[in-house]
Amino acid sequence: MEFQHHHIRWNHHATTLTGLHFVTTTLMTIVFRWLGLSQPSHLPIPDLIKFVIFSNLSIVGMNVSLMWNSVGFYQIAKLCMIPASCLLEVVFDHVHYSRDTKLSIMVVLIGVAVCTVTDVSVNAKGLAAAVIAVWSTALQQYYVHFLQRKYSLNSFNLLGHTAPAQAGSLLLVGPFVDFLLTGKRVDHFGFTSIALFFLTLSCVIAIGVNLSQFICIGRFSAVSFQVLGHMKTVLVLSLGFLFFGKEGLNFQVVLGMILAVVGMIWYGNASAKPGGKERRSVLPVRSEKPNGALDEKDGSEK
């Protein structure tokens, strides 16, 4: 199919393509600010640099992990992001999870593993890429929530700071990274009308993906985002069987999807109950004095 042909060709330039995604996201934040839907805000340069490093390592790490590992091990690495995110919240924010919340997360992990993990093979460089991908992604998602709380930023404000920096850095290094990984040069890509159509469509969809990630993590947490994110896996499998035939559909896959959905529902109920998930850290929150100066005060969150 023509779509599959262009999809495979763009896989050779995944880092550069992600840079283009953040260009369109940057344009969206500019439009929203022009419309008055986003207000001017401040994010210190050191925090911005750390966020961009974690985010870009996550993007490159996930792509390299998929290239160097089997699909089964890649899925296992993705599942490890939930325990990694939990550990970050426990260590840095002193979050306490109830027994039911922990068990519900385990059910989700088991369910997704049962229906997605098949062949598992790993090598040294693939393992290194997976470790970098897991921890950089967990840190990036933790920082999305951390920065919104610390500097009282909403999702549009934070994207307005991070998207331009990510777009510039990824477009600067992306072509070189893609060439080192695939041996393909982006300037040799055949930009046909169909390729440009799917490129534009990909960039438009990316706006929604980036914004929804920041909204979900800012409103809830990185762990909740990871748990809910596995619903995408279940939906992809279900729609695949619905539209492209039932090849590969068996009792194991169905059981895994059922376990995953049950775990997600259980997690939602368990974490919403008193004591299900409590944040006990004290975090300085920036506020403005009447004269416009910034002041920091301690704030706690549960």
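Every residue, even glycine, has its Cβ placed from backbone N, Cα and C.
The annotation compositional bias 'Basic and acidic residues' is assigned in TrEMBL to 275-302. Residues or ranges marked as domain 'Sugar phosphate transporter' by TrEMBL: 15-267. As annotated by TrEMBL, region 'Disordered' applies to 272-302. TrEMBL lists 20-36, 48-66, 103-120, 126-144, 156-177, 189-211, 223-245, 251-270 with the feature transmembrane segment.
Only residues 6 or more beyond the boundaries of the transmembrane segment (251-270), in the same chain, are considered here, and those with a CB under 8 A from a CB of the stretch are 98, 100-101, 103-116, 224, 227-228, 230-231, 233-234, 237-238, 276. The stretch from 20-36, 103-120, 126-144, 156-177, 189-211 with the most CB pairs below 8 A to the transmembrane segment (48-66) is 126-144. Within the chain, the transmembrane segment (126-144) has long-range Cβ neighbours (under 8 A, six or more residues past its boundaries) at 47, 50-51, 54-55, 57-58, 61-62, 64-65, 68-69, 73-74, 77, 80-81, 84-85, 87-89, 92, 158, 213-214, 217-218, 222, 225-226. Remote same-chain partners of the transmembrane segment (20-36), defined as residues 6 or more beyond its termini with a Cβ less than 8 Å from a stretch Cβ, comprise 156, 159-160, 163-164, 166-167, 170-171, 199, 202-204, 206-207, 209-211. The transmembrane segment (223-245) and the transmembrane segment (156-177) are not in contact, since fewer than 3 Cβ pairs between them lie under 8 Å (pairs 6 or more apart in sequence). Residues 13, 15-20, 22-23, 25-26, 28-30, 32-33, 37-39, 41, 43, 48, 51-52, 55-56, 59-60, 144, 147-148, 185-187, 210-211, 214, 218 of the same chain lie 6 or more positions beyond the ends of the transmembrane segment (156-177) yet place their CB under 8 Å from a CB of it. Beyond its flanks by at least six residues, the transmembrane segment (103-120) meets 70-73, 75-76, 79, 82, 86, 97, 223, 227, 230, 233-234, 237, 252-264, 266-267, 270-271 of its own chain at Cβ-Cβ distances under 8 Å.
As a whole-number mean, the pLDDT of the domain 'Sugar phosphate transporter' (15-267) in this prediction is 89.
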